[in-house]
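If you check Swiss-Prot, you get these features:
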type	residues	note
BINDING	Glu306, Glu331, His348, His447	Mn(2+) binding site
Amino acid sequence: MLSLRPYEFWFVTGSQHLYGEEALKQVEEHSRIMVNEWNRDSVFPFPFVFKSVVTTPEEIRRVCLEANASEQCAGVVTWMHTFSPAKMWIGGLLELRKPLLHLHTQFNRDIPWDSIDMDFMNLNQSAHGDREYGFIGARMGVARKVVVGHWEDPEVRERLAKWMRTAVAFAESRNLKVARFGDNMREVAVTEGDKVGAQIQFGWSVNGYGIGDLVQYIRDVSEQKVNELLDEYEELYDIVPAGRQEGPVRESIREQARIELGLKAFLQDGNFTAFTTTFEDLHGMKQLPGLAVQRLMAEGYGFGGEGDWKTAALVRLMKVMADGKGTSFMEDYTYHFEPGNELILGAHMLEVCPTIAATRPRVEVHPLSIGGKEDPARLVFDGGEGAAVNASLIDLGHRFRLIVNEVDAVKPEHDMPKLPVARILWKPRPSLRDSAEAWILAGGAHHTCFSFAVTTEQLQDFAEMAGIECVVINEHTSVSSFKNELKWNEVFWRGR
């Protein structure tokens, strides 16, 4: 997997001097206990760092500026243990540029019925201290996540952990580099977009490179490295019999190994974590990258076909949110309109990530009718089952829109022996008819990122961090209400 920098999350507790030094010592002690307990829980992907109990406007502003300056700090979690007058927070919140989570909790889970007194009441005031803090966030229009519940509750911890992954994806987004090999597929609209606007909005650096640059990297790959990678293929995948002996099929597989090694070297040298290819720009290459792309996605790279750089970047960020699990570039390919069992078959020409596979992938070689190159090797498999999301990022000219459809992947009821690509079947929520109608009304692309591991909540959180629109299609969606939502959003986003 692609490595991430050692991110951390800062925990900042709000209070004030009204209650005396002894109370502040208890607030700090409780905060340290919470952080220590969290850091022992493997559910959290990154460590918490307790920064301080802040009690003055100067302390609050200082810690916010320090968070901005720290490359390790991916987000700030705040909690008001006691009442913390929120005017003190204005200066700091005006400065803060890192993702913010407001944890509405309290140290004790239960009220100590027999011993509760006013000392206890004054110390444990988050029930109204956090409401005061919440007001100033609303008054200032601060983008923040609010999580409510006891800090030891597994559900609360799970929500915190998912937000942490999303915040790290946002941090990675600010430095994400996309390499485009060739241009977009000719005459296609949705894969186009404003690359300068994307860099301003998300931080993405998107640049094009000639196929000849990549071809040279491929040619520089040694036969020893190719042979070592072929051995790895044989350990991980089933390979068609013709691919296990010398001949054209094995040579096709060897070529994909060569492409994988050359492509990976190019990406590593340029610090790219996402890339695109297109079958219309392959001069000097023997095959369209297939198996090579699938394996690089499995390592955490983002990918988009036909020059789709927005989806390539989205795949990379969702890989980060998912910790590399169960996430792939995808395309809505064809429909099954059987009444009561409507399905979508998702696939692509070659490039579906094996992290969503339910079966052991099989390396096969088949002709590709477009691109005019040799028969490419690819991994063929059926996708898994379970709840998932499909997400699409589009450029509407004056803003970006993230569209999310919740789906349920299902096991194929029939074999598809003549279909030479990786594939997955799903039932979109609320139905194929309504989801497709809503998707089309929203302008959703035919390319998506499909994920078993990323949740709708994470994608909504990312949109909030990035300052973009997000619309969700799920079991509660009605097309008439969705149309109104799109109209209301148009007014809101044009007015910002």
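Including glycine, each Cβ sits where the backbone N, Cα and C put it.
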Listed in sequence order, residues not in Glu306, Glu331, His348, His447 with Cβ within 8 Å of the centre of the Mn(2+) site Cβ atoms:
Gly304, Gly305, Asp308, Thr311, Phe329, Met330, Met349, Glu351, His446
Return the single residue from the binding-site residues list (Glu306, Glu331) that has the minimum number of other CB atoms within 10 Å.
Glu331
CB neighbours of His348 (Mn(2+) binding site) within 10 A?
22
Which of the three DSSP-derived classes (helix, strand, coil) applies to Glu306 (Mn(2+) binding site)?
helix
Counting every protein chain present, what is the number of Cβ atoms, excluding its own, within 10 Å of the Cβ of His447 (Mn(2+) binding site)?
24
